[in-house]
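Worksheet for the structure shown next.
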Amino acid sequence: RILMAMAMASTLSVLLLLCLAAAASASPPLSPQFYAKSCPRALATIKSAVTAAVRSEPRMGASLLRLHFHDCFGCDASVLLSDTATFTGEQGAAPNARSIRGMNVIDNIKAQVEAVCRQTVSCADILAVAARDSVVALGGPSWTVPLGRRDSTTASLSLANSDLPAPSFDVANLTANFAAKGLSVTDMVALSGGHTIGQSQCRFFRSRLYNETNIDAAFATSLKANCPRTTSSGNSSLAPLDTTTPNGFDNAYYSNLMSQKGLLHSDQVLINDGRTAGLVRTYSSASAQFNRDFAAAMVRMGNISPLTGAQGQIRLSCSRVN
């Protein structure tokens, strides 16, 4: 009995040590109060810079939102790393090449934050907060951003190519793509509503203009002038993703889909598929619900695989590792 008791005690001690070790190695959760003591002026500094940038160029709000989205399918600021002679980042990936923008604005925000708190606030957190502040600046909802992300020391061109949803995707592709990141169909349809702001290049919607029938004829005609059928010209010509209120964050995007005025194939399919059509109709008439679901989905997206604790680093410059 004594030996058995000793053995049990030894086993319990080992289990306790394993639990303590696991707890010590577990990554700490993100928290909205992460910078409350270490950099109390961080959020106000970011908001001021974003508001000024969006006031100067309303399109920048959409660009900063998209930059956060393209980073988060990881939330580790890997998308901000510039290519070097010995390093290939994600900016040349098909979804990013010649289309992501706003890195200069993030660099400016980072410089302002560094002036307030040296090497304290991560570029990944700046992206997450800037996305929220951009939506607010354009009249959209606000939400509380959990903080504490750290910056990656590398990036993956192949993952950027494979993980980000393409404008040619149908609902099955989109659903699988978002599900792989732990996001639901509701999250996917709500996040698609981010296309209520911003613009897209002709090369991303040309095929829809000339090959699809579920598109309003007058809408298509108005776009064809700057987006000719031939692929030798007009590739970078821009058109608003939401033709109704292109610089206002609202629910008009969903009404456009019901009128067959979705710019991208991956937009228009949402009203043509039974798995998503109900949500499109709901959001088109219930802006408050869209705002709630969009905000909740943004928080969930921002929680995808962040680096925390001792992982990664706090970059001094967002475009390169320390």
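Heads up, the Cβ atoms here are built off N, Cα and C, so glycines get one too.
Any TrEMBL annotation is an automated prediction that lacks curation.
The feature signal peptide is assigned by TrEMBL to 1-26.
What TrEMBL lists as domain 'Plant heme peroxidase family profile' is 29-322.
Annotation source TrEMBL lists disulfide bond at C39-C117 (among others).
Summarising the annotation, TrEMBL assigns site 'Transition state stabilizer' to R66. The Cβ of R66 (site 'Transition state stabilizer') lies under 8 Å from the Cβ of I100, G102, G194, G198, each of which sits 6+ residues away along the same chain.
Positions annotated as active site, proton acceptor by TrEMBL: H70. Neighbour density for H70 (active site, proton acceptor): within 10 A of its CB lie 22 other CB atoms from the protein chains shown.
All chains included, 28 other C-beta atoms sit within 10 angstroms of the C-beta of D71 (Ca(2+) 1 binding site). Summarising the annotation, TrEMBL assigns Ca(2+) 1 binding site to D71, G74, D76, S78, E90.
Counting only same-chain residues six or more apart in sequence, the Cβ atoms lying under 8 angstroms from the Cβ of C75 (disulfide bond) belong to A124, L127, A128, R149, M301, G302, N303, I304, S305, P306. Residues annotated as disulfide bond in TrEMBL: C72-C75 (among others).
Its own atom aside, the Cβ of C318 (disulfide bond) has 22 Cβ atoms within 10 angstroms in the protein chains shown. The annotation disulfide bond is assigned in TrEMBL to C123-C318 (among others).
Within the same chain, the residues at least 6 positions away from P165 (substrate binding site) whose Cβ sits under 8 Å from its Cβ are F73, N173, L174, N177, F178, S266, listed in sequence order. Taken from TrEMBL, the feature substrate binding site applies to P165.
Sequence annotations record features per position, and here TrEMBL assigns heme b binding site to H195. Non-local neighbourhood of H195 (heme b binding site): L241, D242, Y253, L263, L264, D267, each in the same chain, at least six residues away, with C-beta under 8 Å from its C-beta.
Counting only same-chain residues at least 6 apart in sequence, those with a Cβ under 8 Å from the Cβ of T245 (Ca(2+) 2 binding site) are T196, A252. What TrEMBL lists as Ca(2+) 2 binding site is T196, D242, T245, D250.
There are 22 other Cβ atoms within 10 Å of the Cβ belonging to C227 (disulfide bond). Among the features that TrEMBL reports, disulfide bond is placed at C202-C227 (among others).
The average pLDDT the prediction assigns to the domain 'Plant heme peroxidase family profile' (29-322) is 96. For D250 (Ca(2+) 2 binding site), the Cβ neighbour count at a 10 Å cut-off comes to 19, with all displayed protein chains included. Other Cβ atoms within 10 Å of the Cβ of C202 (disulfide bond), summed over all protein chains shown, number 20. Closest to C117 (disulfide bond) in space, going by CA atoms and restricting to the recorded positions H70, D71, D76, S78, E90, is D76.
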